[in-house]
Amino acid sequence: MQQDYKGHHSLPEAEFNIADDHRRLMIRLLFVLASIVVLTFSLLNFLEGLRILPAIQLCCGLFGLASLHRIQKTRHLTRWTFWFLLTLFIIVTFAVYTVDGSDTNFVWIYIMPVLAYSMLGLRPGLLLSLPFVLICIGGLIWHYWNIYEVLTARTIANLVNLAAAGLLVILFMHYYERGRADTQRQLLHMAATDALTNLPNRGEFQRTLRSTIAHSTRKNTPFTLIVLDLDHFKQVNDTHGHDAGDQVLKQLGHCLQRNIRASDFVARLGGEEFAIIFRDAAGNEAGTLAESIRQAIADMPFHYDDTGLSLRATLGVATFPDDGKDSTTLYKMADERLYRGKREGRDRVVTA
Ligand SMILES: Nc1nc2c(ncn2[C@@H]2O[C@H](COP(=O)(O)OP(=O)(O)OP(=O)(O)O)[C@@H](O)[C@H]2O)c(=O)[nH]1
């Protein structure tokens with residue numbers, strides 16, 4: 001049995017949502033910056049004699065500043081981000097189409113795809129950026145047409161530059177975001193997976209146990225937690241070597257996966273200790289399921305190279321909500337029963 005877990009009954013509550021915190025910080029910073037810029041433009045446009053645009057800008061700027069507190073707390077961050085960016089896009093489009101507007105208004109076109117991709121991800125990023133850039137480039141053509149009335153070769157070259165740069169920013173952001181999202185997915189998978197058995201790891205087990213408790217509490221349904229430990233596993237390592245031990249653990253992982261239902265969950269907690277969550281199972285059914293797992297392990301022909309190995313396991317069983325209403329108590333109960341099973345001779349299921 002792995003020493004780290006002997007007598008260690010706690011399930012540390014360590015869950016971070018780094019991506020969300022980062023996005024929250026980014027959107028707050030953007031709200032502050034955008035509000036200051038929009039309020040400045042509102043004043044400048046007002047002084048220029050415009051009325052509708054500065055009025056819209058004033059409302060957006062004040063709304064941005066007033067929203068900072070809500071963004072810190074909201075659970076609908078994506079919705080907030082989407083509406084914020086859409087408003088910003090409409091303002092920029094409007095500014096680009098304003099004939100009397102600043103000649104440098106177009107620079108904002110290139111920032112928008114960066115914001116959309118980095119804050120909303122791949123598909124919403126593309127859905128917001130592409131129409132926006134195309135509409136703005138259309139606006140620029142219209143703008144030039146209004147100023148010069150004829151499109152000279154020089155004007156056309158300017159427009160091609162503007163359009164090519166805009167589409168390049170989208171292309172770059174699209175591939176960058178795709179690579180970043182793939183890497184993040186892989187990292188999250190690695191962080192939740194045990195490298196040897198490819199089963200969910202201890203951290204993932206803790207999260208799943210907590211979410212199963214929350215779900216079962218809401219639905220008023222029981223479930224069963226089993227903590228399982230191979231017997232005398234050290235002997236496998238000592239007799240056949242560490243590599244043989246690794247092969248046995250992998251084969252045990254496959255065996256457990258084969259013997260649970262699609263709705264159930266199995267994880268490797270560490271060493272030769274595994275956990276199974278049998279959803280919607282309690283009482284006699286829980287004992288029967290645990291016994292079927294013990295029997296499957298006893299019947300399993302483990303092997304290393306040409307050597308056949310026979311192994312046994314001890315299982316501690318706890319049922320929600322009777323044996324514990326929170327993850328720590330429930331795990332502790334299953335763990336205590338597992339160790340009682342070890343003390344009483346191993347190769348058994350302990351349910352009470
Ligand atoms: N091959 C291999 N061995 C491991 C791994 N993790 C832990 N072990 C070994 O597992 C063994 C656990 O030994 P013990 O805690 O004494 O447990 P046990 O021999 O199964 O005895 P009981 O649990 O009391 O029946 C130790 O030899 C560890 O080195 C691993 O990933 N691979």
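Using N, Cα and C of the backbone, Cβ positions are placed for all residues, glycine too.
For reference, TrEMBL has these:
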| type | residues | note |
| --- | --- | --- |
| TRANSMEM | 25-44 | transmembrane segment |
| TRANSMEM | 50-68 | transmembrane segment |
| TRANSMEM | 80-99 | transmembrane segment |
| TRANSMEM | 105-122 | transmembrane segment |
| TRANSMEM | 127-145 | transmembrane segment |
| TRANSMEM | 157-176 | transmembrane segment |
| DOMAIN | 221-352 | domain 'GGDEF' |
What residues elsewhere in the chain lie close to the transmembrane segment (25-44), defined as a C-beta under 8 angstroms and at least 6 residues from its ends?
53-55, 57-58, 60-62, 64-65, 67-68, 71-72, 77, 80-81, 84, 88, 91, 95, 115, 118-119
Quick check on the domain 'GGDEF' (221-352): DSSP residue counts for helix, strand, coil, in that order please.
59 helix, 37 strand, 36 coil
Between the stretches 105-122, 127-145, 157-176, which one has more Cβ pairs under 8 Å with the transmembrane segment (80-99) than any other?
105-122
